Structure formats: structure tokens, C-alpha cells
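A.B. asks: Just passing along the structure, written as C-alpha cells.
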Amino acid sequence: MPERPVFSLRRKRQRKIPVKLQMNQYDCGPSCLHMLLAYHGYEADFTDLRERFAMLGNGRDGSSMLKMKEVAQTYHLKGIAKKAPVESLNNDFLPVICFWEDNHFVVLERIKTSGHFIIVDPALGRLVISTQEFAEKYSGVFLLVYPDEGFVPLSEKKISKVAYFKDLIRSNKKYFGWTVLLALGLQLVSVAFPFLMQVSIDAATSGEGYSLFPVLITSIVLLTLFQIGFSYMKDMCIVRLQELLDSQLTTNFVSHMLKLPYQYFEIRSRGDLMLRINSNTTIREILSQKMISTLINLFLIVVTFTYIVIQSRLIAFTLLGVGLVQILVFVYTRSRFKKLTQTQIVAQSLAGSFMTEVLEGISTIKSLGIEERTGEKWRALFMRQLATVKEKAIFQTRVNTVTNTLSFMTPMLILLVGLYQIMQGNMTLGMLVSFQSLAALFLGPLNSLALMLNEFVMADALLDRIYDVIQAEESNKFKKKTPTLRDVKLNGDITIDQVSFRYTDYGEDVLKNINITIKAGQRVALVGKSGSGKSTLAKLLVGLYTPTQGNIYFDGVVVEELEQQDIRSQISIVLQDNFVFNNTVYDNIRLHAEGSTLEDVMFAAKLADIHDDIEKMPMKYNTLISEAGSNLSGGQKQRVALARALVSRPKVLLLDEATSALDTVTEATIAHNLNMLKCTQIIIAHRLSTIRSADTIYVLDQGVLVDAGTHDELIGRCKSYNDLVCEQLDETGARQYG
């Protein structure tokens, strides 16, 4: 017996949910809320929506219903989360966001009278599934959101994609112009052949064929030469145009992407970003060939149809009827084709992102023995991708069947109408043959135009993903501004004055009113539990993040007044996730100090205690490091990264768990070597031996600076610090005696 419905909200007649597909694997929650906002009449900017999620941690962990409820409130939508079995769901309160397979979110749009469920999956689009399948995947929790009294609808702000294309065409107008002119010449040659056929056949049937033979042969030779010349020059122009567009599209895209804030990359996978980069190639192909072909086809359609109307209105109306059917087929199928294309792109992105993770983490997968489980997960994603490809191909096949049938029937219709006209004495045999060719020149481009418009639908879907990158605001340090001071040589004094930080305008502060003064040459440590804000503060110091309020000063000068490159060249950081590039050891160490000599590199390697290891390698400093440093141990990667930070002789050195993979003896050797540099050292570490000798230890707890002092001072008065020390002593004892 069905349970009592969860809610008894009566709604006006339901509308369809506007489908909004996710941009990456973390976007299922934001995309579901995006759909419900649109359903209620608020076309939210997705970048803004995602930013509101990011401040709640969505960037790294995905979404939760609590996060979605809190974000919905910022748009004046009330949210109610409810546990409910499948039997209690009904159309009275739909649509809702359902928790799906314990790791995903979908929108439940409607329950059909047949018992089937209509859902909108942000990864796959709109689906109709059985009650059994829904019950298997539904995780028993849903979120209902509805407008409160302060809700105000907002119409959609369209992205000016036309302007994007217009700028590219304008900057390459010379080659676009020549390509269009040469393509027009080719089409005029094609149009000339039917006229030549008409004249030839009519001349032959009237007995004048012999006298026209020299003219016909000369005309054929000239048309052939024109065709060869125009075709060669057009293709050469296209090659040059593609080269220029590749340079502009991909170079500008990557250049802009590299200038985006660090947070942008924290919430997007490498595989997804690579798909967006490669999408520029498809856009280039469409611009350099498909768009020009579209213009030429439009010209050819107008010219041929105008001539046919002048010669025979009956045949013209026949062709017009066929053409209108083709246009209606395209208009009817365009929306469906775009949704299928978007779904395919999302599925391809998810499968590609997962495979990138697999290749990067292959050592972990092998060591844990989870090859089969990993393979099964990849196969599931890949089969989903294949399913989207198949669905789109089947749909395209159905459309092609209709258009191909029209193309097959048209010559026979022209033949019947033409024979009737000949019997009426209104047409010659030559004109009929000419009309057959002209009909092909009319319907062929019309069919190609429909196919090319589908290509533009693909481009439109790809541009949505490209625009997600190019519309993102660049990091502050790349914005055009004039610093007050240039070529400043730092001493190493640092002042952090009333600094607070939050990830977005909508979030809570993760750092609150931090005040720290560090003298040049001091060795200080930042300690605290995980999530206390240590690494965030480190990223603020090196410019990966910008303070929400307060200022950071170097040598008494606020950081905004200094040239960013000056600062970056004198501050070095070694983060927890050390990355080494697929290059030689020498090039990896001198990565941001290209003017460094081999002696400089060797000196830095000795300070990092990696020189002896490098000397034992087959090619010493010219040894090639494998991708992601797979031929180096964890400790070696840390020391190469440390040598990279030291080669520029920095005035400020920031180490974020930079020696966590090293033994205490090696760590002590490096600490002794670093003291030779006479630079300011800021150390983030959990290991007691790393921090206890610091001049000052700053203790952070939940984003607040709770105390500062030496180890001996803090151990007696600071409970937070004392707890950290006791935890580590317990862990050390467990390792030694457990």
C-alpha cells in the first residue's frame, strides 16, 4: 500500500526542466540547482553559481544537499531536505533534486502515469527510466527548493558568441576574403557546366552540334583550368587561415588559462581542461572551412533557384517544396541534436578526466591491487560515453534517412515535371538535363547547409565550455596596473596586517584577522591541525590567493605596489604536492631561473642534499625525469623541488611540508644548509624536530592565530600547541613500540 505523500503542495501545471549539463565531475550539484533556478524563472550566471558553491568547499569535495540548500537561500529559494522512500514520491511537489547512487545528484522532473520516472541527469540529459531502475539508484534523500517572498525572476543574459567569431574573422579578414572569393569562383565554374550541357544538347538535337564543337571543347578546357587554379589557391588560403586561427585560438586560450587564479584549477580536472583546449581545433575547422562553405552554399542556393524560377516556375516550386521539407526537418531536430551533442561532450569529459587520473596514479593503483575495480569504473564511464555516441548516431541516421530519401526522390520528380513540360512544348531536352544538374546544385548545398548547421550546434556546445575559461577573470597579478615600485631588492621583512581571507564573497572567513611580523633572516613556523589555514596563509604570501581584507607588506611596502615578477623572483615556495616535469634534472632545477649556470644548479642541489643522488644517475644532471617523476622516490622529488626553490637564492623561502618524506638525519642536514643562505624561512610542518628550533612558532586554530612564541614558551601555556605535540609524541611512540 503506498505511503502517505511527503508533501501536499499543489502546483500549477508542470513545465519541462531546462537541461543544464555539468562542466566537470564536481558540477552535478551546481548544475541541478542551476536547472531548478531556471525552472523558477531565474537564469543564473553559472560562473557566479559555481563561485557560491566553491566558498562552501564544493571545489574539492563535490556538493552536498546542505551546501545546495545554503546556496539556494542566496537566490531567495527555500530548501527542504527530506528522507523519503520511492513510494512516497508524487507529482504534487516535483521537481526535486535527488541523491543518486550515493555519489551524484539528478533532478526528478515528473512521474508518468505508466509509472516511469523522468529525470534530468546533469551528466546525461533527460532520461526516462523504470520504477525498478529508479528504486535501485535513488539514495532515499531529496531536496525541494521553491521561491520565498523575496524571490525575483531574472531573464537570461546571452553570451555574445557572434562577437567571438566576428573578432576572429576581422583579425584574419585578408585570408577570409580571398578564400571566399576563390570559393565563389569555384562555384561559378560548377554552375557554368549545366549551362554548357544545355547548349550542347540543344545544339546537337537541332543539328548545329558540329559547328559548336570547337567552342565547346575550348569552354571545357577553360573551365577545367579555372577549376584547378581556383581549387589550388583556395586550399592554400585555407591552410594559411588554419595556421593563423590555430595560433590565435589555442595560443590565446592557453595564455589566458595560465593567468587564471589558482582556485580555478582547484575545481577542474586536467582531463576536462585538455578537452577544452582541444575544442579550439574544432572551432578552427568550423571557422576556416565550414563557415565559408555555408556562405558559398547560401550564394549558390540563391543563384541557382533564381535562374530556375526564371526558366520554369513549376520546377522551381517542386524544388522549393523539397527544400522546405529539408529545412523543417532541421528546425525540428536542431534542439534534440544540441542536447545529444552536449551530453556526448560531458560523457567524453568525464571518461577522459578519469583516465587522466588513472595514468597519474598508476603506481597507487598497482600497489593497492585495484586494477580490476579501476578498470570496471573506467569501463562504466566509457560505456556511458559510447552510449551517448550511439544515441546521437542513431538520431543522425534517422535524420539522414529522411534527407537522403528526399535527395533520391528529387531527380525523379524533376524528370516527371520536365517530361510534362517537354510534352507541353515549354521546355527543351537540354533544359531538362540542365535542370537536373541545377537541382543537384540547389539541393546539395541545402543538405550540406543543414549538416553544417549541425556542426555549428556542436561548435555552440563547445563554445559553452570554452567560454567557461575565457570569461573567467584573470588573477590580480596579471591585470593591467602600474606598480609604484620596480626592481626592488627584498631584505626579507614580512608583515601580515589584519589579513582575512574567504574563497568567495559568499563564504565565511577561513583566515580571520591574522597579524604576524617576521624579521629578515628569521626562521618561523606555522603549526595547527589540518584545516586550520596554514597552507592557505602560505598561498596568500606567495600570491596564489589575494587577501579579502588587510594587507601583506614586504620590507614595509604593501604587496600591490610591488612589481609581481620582482616578488616572484625573490620568494620561493615548496608545496606539499611537489611536481617535477618530464625534462632533465638540470632543467627541472633551473625552471624559474633560466639564467642559472650549472654551478648555480649544483650549489642548490648540494643545499638540498640531492647532489650525490644526481651524480649516481646515468646522465647525472642531464638525466631525463619520467613523467610526474615516476623514476624518483618521494624524498628525491622533494629535494629536487627544494633545489629548484633555492637556485634563485631567494630572500624568502616558504616550505609547506617540504621535507615530510625525508628521514630526520637528511632533514637536519638540509636545515643546517639552509641557515647558510641567510634568508627568511617560513616552515609549515607537523614533525616536531622540524619546528622546535624555529625562532617563533605561530599557532593557528580554525583560521585564528591563537598564540606565538618559542617551543619552550608555547609548551607550557598554549593548549592547542600542547595537544599537537602530545599527538605527535603518541604517534612516534606507537611507531617505535607498537
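Here the Cβ of each residue, glycine as well, is placed from N, Cα and C on the backbone.
Sharing the feature lines straight out of TrEMBL:
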DOMAIN    22-145  domain 'Peptidase C39'
TRANSMEM  175-197  transmembrane segment
DOMAIN    178-458  domain 'ABC transmembrane type-1'
TRANSMEM  209-230  transmembrane segment
TRANSMEM  291-308  transmembrane segment
TRANSMEM  314-332  transmembrane segment
TRANSMEM  402-423  transmembrane segment
DOMAIN    494-727  domain 'ABC transporter'
A.B. asks: With Cβ-Cβ distances below 8 Å as the criterion, list the same-chain residues six or more beyond the ends of the transmembrane segment (209-230) that contact it, or say none.
C.D. replies: 182-183, 185-186, 189, 192-193, 196, 199-200, 203
A.B. asks: So how many of the residues in the domain 'Peptidase C39' (22-145) end up helix, strand or coil by DSSP?
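C.D. replies: When I sort the residues of the domain 'Peptidase C39' (22-145) into the three classes, I find 45 helix, 39 strand, 40 coil.
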A.B. asks: Could you tell me the mean pLDDT the prediction assigns to the domain 'Peptidase C39' (22-145)?
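C.D. replies: Averaged over the domain 'Peptidase C39' (22-145), the predicted model reaches a pLDDT of 83.
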